[in-house]
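Now, the feature entries from Swiss-Prot:
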- 577: L-isoleucyl-5'-AMP binding site (BINDING)
- 621: ATP binding site (BINDING)
- 906, 909, 926, 929: Zn(2+) binding site (BINDING)
- 59-69: motif ''HIGH' region' (MOTIF)
- 618-622: motif ''KMSKS' region' (MOTIF)
């Protein structure tokens, strides 16, 4: 009867759970981290190290966090934690953007607009309370993601100190000569009732009317003369324009041509029986005339646009208004007619060219911009014939204007087209350019544009195309409109002269005095402040500005209001946000940083893509393809979410679906099972007593430490360049190939069958200990909860948190002058694969049931055979086969052959050996197992 030898084996044993059960375990860990003050402990432990500052871009304090928030915060957390492990002190101060329209809208829905139920001060207080509640909700979910930071002391743009620092920052911008005021066309949202910054605009398709409108010549003969022709009697001349915004025609003050463009004078459609010639860009004449129903292009003359400069036209429906032909660089012959109707109140290029020609001084503000903040024509807007425009909304006016012009002879063509059009990012509604008095940060008057473009070149951009993207945006952007006509925000805090409109000559000094008061009482102080307190006898000559600052200025000055205020270095080491922030926070921060200090506020800038489903579609409620981070954490755990984020190529769109989550859960199990196997085989191992020195290790153990060292070099370099997908892939490959398919499989025999304290067994345990110590650190930035759990189960002293440690220093490469080098091991592993290929068909045809039932013969050249023959007694352990014989042969190739063994099987180690039964005390054991149980035990040198 077979004796039971199980008690003589050293099988794996660990209390580290096989199942992660993350949704239950993670909250308990969070409670402990909170209770123990983990972030403060980690900072204290890192005191005195070099600083690495990842500055948090503030999410808006409104609504629950979504998957994009989770991606952003987890990427930041991975970097921060990897920096602690790399030997840095990496403070992370989370922040929130708290002012602005979405919060105002939320309060308006509940209490109405200012003045209905609440006065302005009460309204601001409700906004403050609402934002604070939203911060608490978001903070809870951010913590649940496993993100560590100064959650008890975040920065909030609504804090009195921040608001005061923002006013101080604006004063610095003004001191450096960047502030200007003017009546300029700005992006205007009629729903917001306020100007918008570039970053508050998004583009969407819109169906717009298109019209070709003829502007009749005041002196047709003069225009004909510019083309070198004489006009036949009774022939009219007109210049047609093409536009998608008929509502701007009441504000039309000029028609722009391209100075160097070629124009032709062509026969157009008759005007109520009278012949009419048209001035059209030569490249567009055929297309334009086709729109007007004219088949043949009959050309009467050619001229450059410059030849027509300042000749006069008549407005198409305000006959008394002279419309000069002017020259503008913005005119092209790509589409339309080559002539651009110019309304300086409704377009930046129109404004600039009109200013050059002195047109703005000839007209009233109401003529330049005849619409109010709601998008309605002013009462002073003249009618179009019998059609009243005053009080009409511009989006309704398009059709009204077209209908009114149909029988006048000036409407040459009308149609519709779908095109990309600017919309408000909050309301998703079309916006318009509208000339209003605003405060701007000028891109030119103190060289801000040029300085910003230089600063961009000093920054390391991830991905690299980010540099060209933001440079293009800076190069083409208009002045930054920083004023808003709203209630909830930081006041511009300027006093302006009642007659001249000029800021007080001591403006920045006064602003700093206001900031001192705001720091104590918040922004309400500005509205209750008696100007005489600061201005004395001058108070009667000055008004307080009631405009507030653009929220992008709020977040744009965090480098000053947070970093400098908290004693952190500036520029920050890294800004990290979504790819839309090239036109948002990256840009506003860059402009304020350069305006204040002439340097970019960041050394590195990293962007990530947006989340989409497995088909590449944007996640939305309407499609039903959204996946909320809260649901992932509730069902799978935060570590699965973190693993997906780390493994995705975040430089592009990031796909997520239930199937992708399942694959990540499977990958997580592979990592966890590897850790559990390592821990199981470290049972009874104390590194203080049992650690075998690297030079004394069995060859294969020394090799796996060498491989771990190579992997750590790769992983730490990848963390340093933020390539987390490479890290995850390398870890999974190491677990599957180096450990799972090779090392752990081969060493089972030693670990299970050798005497507990045998050097060969302790050597394997030592190698596994080194791997486990390194492994827990490798995964810690990504799998924060699992790493914390694993840390507690490692042998030896492991107090505190894995983030108290740095990258493991117990690994080392194999010496190049060793008797057998890593290259020799690689050749033996290639031989192992060759053996496996030979055994595969033998298993398939039933010649053997397992590799242990096959005896192997390896034939190699004399030099190789001589190198391998000393190992031949142990090669069976590497191959997990029967006995191995190495022979020399006259060949350059290596040949492997195998045959079924006829030797008996040892019931303890399962090896087939001739020595089975040689000891009468253990008739079913091989001599090796008898020695391991009763005697001195076997010796292992190689495998």
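From the backbone N, Cα and C atoms, a Cβ is placed for every residue, glycine too.
Around the Cβ of residue 909 (Zn(2+) binding site), a 10 Å sphere holds 21 further Cβ atoms from the protein chains shown. The list of residues near the motif ''HIGH' region' (59-69) in space but at least 6 beyond its ends in sequence, with Cβ under 8 angstroms from a Cβ of it, reads 96-98, 100, 102-103, 106, 131-132, 134-135, 137-138, 141-142, 156, 578, 610-611, 619, 626-630, 656. In sequence order, 753, 907, 908, 910, 911, 913, 916, 925, 927, 928, 930 are the residues of the same chain, not among 906, 909, 926, 929, whose CB sits within 8 A of the CB centroid for the Zn(2+) site. Note on proximity: among 906, 909, 926, 929, the binding-site residues of the record, the Cα nearest residue 577 (L-isoleucyl-5'-AMP binding site) is that of 909. Assigned with DSSP, the residues of the motif ''HIGH' region' (59-69) fall into helix, strand and coil as follows: 3 helix, 1 strand, 7 coil. Counting every protein chain shown, the number of other Cβ atoms lying within 10 Å of the Cβ of residue 906 (Zn(2+) binding site) is 24.
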